[in-house]
Every structure is written in structure tokens, then in C-alpha cells.
Amino acid sequence: KETAAAKFERQHMDSSTSSASSSNYCNQMMKSRSMTQNRCKPVBTFVHZSLABVQAVCSZKBVACKBGZTBCYZSYSTMSITBCRZTGSSKYPBCAYTTTZAKKHIIVACZGBPYVPVHFBASV
């Protein structure tokens, strides 16, 4: 079974590129990372930084998560991210996404030993 940490890496990490390569980036990535298998995942964010830098956020600024939980952390620095959002005309199994690049602080929830990101909460 996929661990929460491995799921975070599959759904949110793309260290191989510094930004989205094209407007088709989200359509390709959402499919290749298995987020369009049983339904179209409506929203997802990819982080274009090293895994070590993203894992380090777990020891950075302690903040509340959107759901009120307290295990969230905000990155001290901005990170290169790509937001993927399902389009209005998207219909499973033909999931379609808009690709939006940004530089923002990320907020992640962390757990475990080693203490690593398991949930992408928000970007600010």
C-alpha cells in the first residue's frame, strides 16, 4: 500500500522541472501521476523544488491547517509551483485542466518518523 509520504510525492512533487513546461502540463501530469483514474481530481498543486527543500518545510513556520488541525507548516521562502484546476468542460474520463504557474509559500501537513509532508494544504 502506498504510504502517505509516497502519495504526497506522487501527487505534489515534480523536482525534474523548474516550472510547467507547457499549457498542457497539467493534463499530462494529472494523468501520468494517476489522479484521473476513477474520477478527475478537481485541484492539485505540483512543487518544482527538491524533495529535501520541501521536506525541510516540516521544521519551518508552524501554522494552522485549513481544517483547523495544527500539524501544518508554511515555507519560509517562496517556491516554484504549478496549480492544476479542472476546467468547466472537463468530464471523466476525459479530464481537462488549466495550468497556472506561480511562486508562493507552500503549507503542508507533516507526520511520522522521519517527519515528512503527507498533505498539501495551501499556497499563500
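Glycine too: its Cβ is placed from the backbone N, Cα and C atoms.
From a predicted model like this one, the values you see are computed outputs, not experimental measurements.
Annotation comment: Swiss-Prot describes 1-13 as compositional bias 'Basic and acidic residues'. The feature region 'Disordered' is assigned by Swiss-Prot to 1-24. The annotation substrate binding site is assigned in Swiss-Prot to Lys7, Arg10, Lys41, Pro42, Val43, Unk44, Thr45, Lys66, Arg85 on the grounds of similarity to another entry. What Swiss-Prot lists as active site, proton acceptor is His12. Swiss-Prot lists Cys26-Cys84, Cys40-Cys95, Cys58-Cys110, Cys65-Cys72 with the feature disulfide bond, giving similarity to another entry as the kind of evidence. Per Swiss-Prot, the feature active site, proton donor maps to His119; the stated evidence is similarity to another entry.
Features per Swiss-Prot, on structure.
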{"residue": "Lys7", "record": "substrate binding site", "contacts (Cβ under 8 Å, 6+ apart)": "Val118"}
{"residue": "His12", "record": "active site, proton acceptor", "contacts (Cβ under 8 Å, 6+ apart)": "Unk44, Thr45, Phe46, Val47, Val54, Pro117, Phe120"}
{"residue": "Val43", "record": "substrate binding site", "contacts (Cβ under 8 Å, 6+ apart)": "Unk83, Cys84, Arg85, Unk86"}
{"residue": "Cys65", "record": "disulfide bond", "contacts (Cβ under 8 Å, 6+ apart)": "Unk71, Cys72, Ile107, Ala109, His119, Unk121"}
{"residue": "Cys95", "record": "disulfide bond", "contacts (Cβ under 8 Å, 6+ apart)": "Asn27, Met30, Lys31, Thr36, Cys40, Lys41, Unk86"}
{"residue": "Cys110", "record": "disulfide bond", "contacts (Cβ under 8 Å, 6+ apart)": "Val57, Cys58, Unk71, Cys72, Tyr73, Val116, Pro117, Val118"}
By Cβ distance under 8 Å, which residues at least 6 away from the ends of the compositional bias 'Basic and acidic residues' (1-13) in the same chain are close to it?
33-35, 44-47, 51, 54, 108, 111-112, 116-120
Using DSSP, how many residues of the compositional bias 'Basic and acidic residues' (1-13) fall into helix, strand and coil, respectively?
9 helix, 1 strand, 3 coil
By Cβ count within 10 Å, point out the most packed of the recorded positions listed: Lys41, Arg85, His119.
His119
Below 8 Å Cβ to Cβ and six or more residues apart, same chain only. Which residues does that give for Cys26 (disulfide bond)?
Ala20, Unk44, Thr82, Cys84, Arg85, Tyr97, Thr98, Thr99
Max Cα distance spanning Lys7, Arg10, Lys41, Pro42, Val43, Unk44, Thr45, Lys66, Arg85 (substrate binders), Å?
22
DSSP three-state assignment for Cys40 (disulfide bond):
coil
